[in-house]
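Trainee: For 108-115, 189-193, 247-250, the entry in TrEMBL reads GTP binding site. According to TrEMBL, the domain 'SRP54-type proteins GTP-binding' annotation covers 268-281. Taken from TrEMBL, the feature region 'Disordered' covers 426-455. Summarising the annotation, TrEMBL assigns compositional bias 'Gly residues' to 445-455.
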Amino acid sequence: MAFEGLSDKLSAVFKKMRGKGKLKEADIKEAMREVRMALLEADVNYKVAKEFVAKVTERAVGDEVLESLTPAQQVIKIVNDELTSLMGETGARINFSSKPPTIVMMCGLQGSGKTTHSAKLALHFKNQGKRPLLVACDVYRPAAIDQLKVVGAKVNVPVFEMGQANPVEIAKKAVSHAKDYGNDLVILDTAGRLHIDQVLIEELQNIKAQVSPQEILLVIDSMIGQDAVNVASSFNEALGIDGVILTKLDGDTRGGAALSVRAVTGKPIKFVGMGEKLEDLEPFYPDRMASRILGMGDVLTLIEKAQTELDEKQALEMAQKMKQNSFDFNDMLSQMQQLKKMGPLSSVLGMIPGVAGKLKEEDAEQGEKQLQQVEAIIQSMTAAEREKPSLINPSRKRRIAAGSGTRVEDVNRLIRQHEQMQKMFRQMSGGSKKGKRRKMPFNIGGMGGMPGMPF
Ligand SMILES: Nc1nc2c(ncn2[C@@H]2O[C@H](COP(=O)(O)OP(=O)(O)OP(=O)(O)O)[C@@H](O)[C@H]2O)c(=O)[nH]1
């Protein structure tokens, strides 16, 4: 997960501070030196790190903090505030034109994720009732047009292309096509290069001059570390970008780009890419990101994800089944499939306060493997067995284990877990005698069951 190293280091600094109780100015200065090192190691631009630490120190050495009963908490709050303000305070969004279509021009280096994110944006806005049109302006790499068509088909959004024609002409024709066909959002997927070069920049400037996009979004791969800032500055100087989409934040990037881009270019991050799937796009909220970096979770994003990705009707049916104690293996499978829709387990769990920061990549991977194993076991059961687990006798268990590539012990464990769940649902609907809130019986990557989620 992005920011893992930074989060770990910051929490170590804060732990040390908390352990001291009362703080002196020297303690804060020492802590801030460590914060600065942590930021630099996370690839934050050195000037940004220096200014950040200076601001936090200035606010933290005041009597108000030092004399307070919880000085360490106050310092953490200041770090949180300053991290948020570094990334731009409020979430910046796309400016929609009052005269449709709104034109969004995507630009960026090769492989940064432009094509994928053109489709992710199209899906995001289609889900909000827009009628997007994707436009293939990357004519130099023939496969790029096909790639856009493939992702366009996946999100069910039309793709406008004219083969290897002049990209400026393509953009112009696409806009008039959009007007004719009622597309209110035009997303131009432009060509990338390995490095910024004059030919590329001129082509983008020409497209800009001819179709006047409302939004020029720069797509930056967060894995390129320190270079992100140079790329952003160069594109901004040449084109005047309106915002940034930071991609691959789900990987093990150190995350410095997220913290430096806005400070150096003055242009906000508008979206972040959190995975290869076309649903894995999140609007960027500086405050929520700061909270994630400080290991305090991001409950708001989790709730929003649940609202958009989970099927409400299915959830209600499931609740009913739990109440009636008829929660079978089919229901368990469908719950797992819903959970998977919310994204990689590591990013979902990382948003839960308390889990965030403590979650290790290995735990999430192990959890992911367990989910796959459970899925394979259920899929190897017959319809009758899924509905009536009591049918599963030893010879059936052997067959299921062989079919799912697991061991009989694994099948036994799953059956036991299902029984425990049944028992728990019974207690919940009848009311547990002790009235205690119980943990769920599933154990993801050794983290214990999570309240409210059956897995
Ligand atoms: N893990 C992860 N992978 C991503 C993300 N966004 C894109 N990718 C992957 O990155 C690779 C490059 O993405 P593309 O969309 O082809 O990049 P591009 O900028 O259009 O590349 P060119 O067309 O060569 O300029 C693909 O394999 C994507 O699946 C993301 O947010 N997370």
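Cβ atoms here come from the backbone N, Cα and C positions, even for glycine.
TrEMBL labels come from automatic prediction, so no person has curated them.
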Trainee: Running a distance check here. Ligand 1 versus the binding-site residues GLY111, THR190, ARG193: which have CB less than 6 Å from one of its atoms?
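Mentor: Checking each Cβ against ligand 1, the ones under 6 Å are GLY111.
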Trainee: 10 Å Cβ neighbour count around THR190 (GTP binding site)?
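Mentor: For THR190 (GTP binding site), the 10 Å Cβ neighbour count is 26.
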Trainee: Could you say whether, by DSSP, LYS114 (GTP binding site) belongs to a helix, a strand or a coil region?
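Mentor: The three-state answer is helix.
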Trainee: Below 8 Å Cβ to Cβ and six or more residues apart, same chain only. Which residues does that give for GLY108 (GTP binding site)?
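Mentor: The list for GLY108 (GTP binding site) reads LYS114, GLY192, LEU218, VAL219, ILE220, ASP221, VAL231, PHE235, given in order along the sequence.
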Trainee: For the binding-site residues listed here (LYS114, ARG193), tell me which residue's CB has the most neighbouring CB atoms inside 10 Å.
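Mentor: Of LYS114, ARG193, the one with the most crowded Cβ is LYS114.
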Trainee: Starting from each candidate's C-beta and looking 10 angstroms out, tell me which of the binding-site residues GLY111, LEU249 has the most other C-beta atoms.
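Mentor: Top count of Cβ atoms within 10 Å goes to LEU249.
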Trainee: Kindly report the helix/strand/coil residue split of the domain 'SRP54-type proteins GTP-binding' (268-281) according to DSSP, in that order.
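Mentor: Counts, helix then strand then coil: 0 helix, 6 strand, 8 coil.
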Trainee: Looking only at the domain 'SRP54-type proteins GTP-binding' (268-281), what is the mean pLDDT?
Mentor: 93
Trainee: For GLY108 (GTP binding site), what is the secondary structure by DSSP, using just helix, strand and coil?
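Mentor: Looking at the DSSP assignment, GLY108 (GTP binding site) belongs to a strand.
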